[in-house]
2 protein chains.
Amino acid sequence: MSDESDPIEAGLRTEGVRVTRQRLAILHVLREATDHPRAEDILARAKEQDPSVSQATVYRTLSVLEKAGTVLRNEFDGAGARYELAEGGHHDHLIDLDTGAVIEFHSDKIERLQAEIAAELGYEIEWHRLELYGRKSGRRR
Amino acid sequence: MSDESDPIEAGLRTEGVRVTRQRLAILHVLREATDHPRAEDILARAKEQDPSVSQATVYRTLSVLEKAGTVLRNEFDGAGARYELAEGGHHDHLIDLDTGAVIEFHSDKIERLQAEIAAELGYEIEWHRLELYGRKSGRRR
DNA sequence: AAGGGATCTGAGACTCATTCGCAACTTGAG
DNA sequence: CTCAAGTTGCGAATGAGTCTCAGATCCCTT
Ligand SMILES: [Zn+2]
Ligand SMILES: [Zn+2]
Ligand SMILES: [Zn+2]
Ligand SMILES: [Zn+2]
């Protein structure tokens, strides 16, 4: 049932992480997702594929995948955490306050500036979080 | 009992926000604080001044002060929210992963870059959050 | 292909920060 | 001083996320 040609799956397996039916369903959901879904959404979508998936397993799996570096967990303003696959490299987010849409962006310049600032303070950044909250230009508040 | 010469207090009053004993105690705690305290800490410290302050009031007051622009609410990684007075202008935070210390910094360059990036995407930033998580340079992980 | 021990999983109880509901109490305009 | 509107304390209620544990699965070994 498992597709050995899949790199993520193979990677997990070699890391000693068991690849179960439920985990595959959750991984599948994340692959299809384009919207940084919340655990709740992931559960609903995973159940369509495999009704046996439970809430606890969604949280546990997301946690496992995060530790394995496969998944990224975002905590945008308030509300619960939102997840996405880590493939594709680092990026930051711009959240549309009117629609809730999440737009991804990346700026080497900003990344570099952050490192410089930290260095000036005598620190080395382990990770960071940059979120911009705004609305489309020229839109009444 | 109220000191009319205090700008924050006067400001709240003119905004129609009632200045109560409890609110003064909480404001006082925030003025003395240098550590971005959590609601729990604020409650404990406020009680030293006025034992009648309750948990619900701390949350309600912080919410009122936040809406009034007097207080800033930060949600650093995990755990609960941490507060600070808004006076002193905008700044971002660097959190020491080893000690938990919160260091403030400000970079016009980064602020400008953020606006530029948002503009390129057709957006205007309403607010943003930039948090750097790191450790003192040259420290084994 | 079969065995079996370590890993998972589902269901529901549980945690913990924050919010609510409501009767009693204060504040501050007049 | 008076009183309506705004606040408060208490305890109950939320809600995202975690934990417990018996039973189900995975997958390494023979
Ligand atoms: Zn970044
Ligand atoms: Zn993203
Ligand atoms: Zn900033
Ligand atoms: Zn600060």
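Numbers run from 1 along the shown chain.
Note that Cβ sites are derived from N, Cα and C of the backbone, with glycine treated the same way.
Annotated features, as they stand in TrEMBL:
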BINDING   A:HIS90, A:ASP92, A:GLU111, A:HIS128  Fe cation binding site
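Features per TrEMBL, on structure.
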residue  : record                 : DSSP class
A:HIS90  : Fe cation binding site : coil
A:GLU111 : Fe cation binding site : helix
A:HIS128 : Fe cation binding site : strand
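It is A:GLU111, among the binding-site residues A:ASP92, A:GLU111, whose Cβ has the fewest other Cβ atoms within 10 Å in the structure shown. Per-site Cβ counts within 10 Å over the binding-site residues A:HIS90, A:HIS128 peak at A:HIS128.
In sequence order, the binding-site residues near chain B (CB to CB under 8 A) are A:HIS128, out of A:HIS90, A:ASP92, A:HIS128. Residues A:HIS91, A:HIS106, A:ILE110, A:GLN114, A:ARG129, A:LEU130 surround the recorded Fe cation site, their Cβ atoms falling within 8 Å of the Cβ centroid of A:HIS90, A:ASP92, A:GLU111, A:HIS128, which are themselves excluded.
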